[in-house]
Each structure stands twice: as structure tokens, then as C-alpha cells.
Amino acid sequence: MKYIQLPNDAGLMPVVGYGTWQAKDEDLEKALEAALEAGYRHIDTATVYENEHVIGNVLDRWMKAGKVKREELFIVTKLPPSGNRPSNVESFIKKSLEKLKVDYLDLYLVHTPFSFAEGPEVHPVNEDGTFKLDLTTDHIAVWKEMEKQVDAGRTKAIGLSNFNKTQISRVLKEARIPPANLQVELHVYFQQKELQAFCKEHNITMVAYSPLGSQGTGKLFGIDIPNLMENPVVKKIAEKHSRKPAQVLLKFIVQNDIAVIPKSTNPERLKQNINILDFQLSDEDMTELTALDQGKEGRILDFSFIKGVKDHPEFPF
């Protein structure tokens, strides 16, 4: 496995991780077993995925059986929008640790720059289907509580997800412990070049979610999403290297020093997704793939499925 060094000596992050969004409990249990067998050690989840308990059970089983040690795993979870306030940070990370059955996380992220109303529901919704928003989000106050979780040993590193450049800059200005990582949507049609340059400049590592374009999201929300794997350039490069189009899409990102967290519940595809380290894309391949970027038009997850969220003052896009 290839690794990315997190800043402040906060650990090594495997460049290929296993994404678990939209995975049903039973499917996830089998898929995570298959992922661990295939060599995945970087596992990405979140409170809002409501599957931390499943991951915890599988990892606990593997650790107790001596098949994997805790220090070989890189576990990531996220503070939910409904907990995005200083008074909630500690209680949410503790709940996550309990469900994941571990003493510490490798990386804890603020999932979104916007907040939902406080309460027992992870997805608090009004009668008209709009989300109950908390408009008083204070990124600096939340970040100071995130830093305390590092001090307390509950997580080795902290970071952000779905934040824009302005929001990250605000946190950087006040941070005692700067964000170690930014997790955002990133794929060949949406390469986030400006954000990549910004993160490089500020020593923030990146993780790409939906690196294959997220066909599953399209099905879930009834959105028409282009199939990146059918792109003629991607297919041509895949044939040249005797690889699958998905492997080329992932390799393109990893070759730019960005980690990927593809999600699959198919054991064969799980293996394909992680077996991308034994070939190299040429400069010509990289140039051709870079040219596929559609800029802002390439974004798939604009949070339009969270009804009413665009009214939040910290909506990032």
C-alpha cells in the first residue's frame, strides 16, 4: 500500500480507502469483510451514514481474532451537521468511538460547514420536507472543540469535509492545530484544481469521495449522472494498460497525491479498486485525463437533496 503522510506527524493514511455511504447493514457487513480480506485498512464512515455500529462489529471481530491490529487500521468518521456546534463535539466523537468499538480515531472530520437543528434525529426535517437548520454555525468555536479531541487522545488528526476555500481560510487563521485533511467530491469531471492548489499551499492532505462519479447517488436521488467509466478517453487508456476504467479513474487521482474512498459491495470490484498501485499512467495519459475536467459543471453532489439547505449562510457552493 502507498501512504500519504498527515501533517504534524499525525500518521500515515493509505491512499485507497473503503467508502461506506449508502451501504445497507447486511450488505456492508459482508462487503467490509471482503474489503479487509482484499487488503483495505483505511475505512471511511460518518455518524450520518448510521452504520458505525456495523463497522465496529466487523473490526472488533477481526481484531479479537488477531487478523488485524488497531494500529494497522486508519479509521475516519465525521461530526454530523446536527452536532455542528461546540457543545456537541465531545459527545458525538464519544458516541462514534463507542459504536466503532475503538479507543481512538485516526481522523475526525467536520462533515459539513452548515448545521442542522440540535436534537435526537440525525436528519431533522420539517413537515414540508425541508431540513431544520441551525443558522448560527460558528466554525472557529467548533474547531477549538475539535482540537481538544486531539489533546484528549480521542483522535490523532482532525479535518474538514465539504468546506470551501473561504471557510477553510477562516479556520486556518485561528487554528492551533491546522486541519490535516479535506474530504471533498473529486473525480475526473470535477477535479477541483483551485482547491487542490490551495490545499497543497497550506499542507492539507486531500481525500476524494465519489472518485468514480457516484452512479449510486444518481439512482438514490433520481438524478441523471454521466457514467465516467463509459468515457471514450478513460476506456482507451484502460485498454492500453489492460485495466478496468474504474482503475484508471482512481489511479488518476492517486497519482495527484490524493487519497480515494470508492464504495462497492461487489467483492470483485473491491479487489479491482485497491489493485491500482502496480501500474503507472504516463504523462500523456495524465494530460488527456486532466483535459476531461468540466469545472463547476462537473459537480454531482451539490446537496440539492437536502431540501432548504441553500438558505444556510454557510452553504459552501
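Heads up, the Cβ atoms here are built off N, Cα and C, so glycines get one too.
Annotations in TrEMBL come from automatic prediction, not curation.
Around the Cβ of Tyr49 (active site, proton donor), the same chain contributes Thr20, Trp21, Gln22, Ala23, each under 8 angstroms and 6 or more positions distant in sequence. Per TrEMBL, active site, proton donor is recorded for Tyr49.
Annotation source TrEMBL lists substrate binding site at His111. In sequence order, Ala46, Thr47, Val48, Lys78, Leu79, Pro80, Pro81, Asn84, Ser161, Asn162 are the residues near His111 (substrate binding site), counting only same-chain partners six or more apart with C-beta under 8 A. In this structure, His111 (substrate binding site) belongs to neither helix nor strand by DSSP; it is coil.
Under the heading domain 'NADP-dependent oxidoreductase', TrEMBL lists 16-293.
According to TrEMBL, the feature site 'Lowers pKa of active site Tyr' maps to Lys78.
Per-residue pLDDT, averaged along the domain 'NADP-dependent oxidoreductase' (16-293), amounts to 96 for this model. Within 10 Å of the Cβ of Lys78 (site 'Lowers pKa of active site Tyr') there are 27 other Cβ atoms, across all protein chains. According to DSSP, Lys78 (site 'Lowers pKa of active site Tyr') is assigned to a strand segment.
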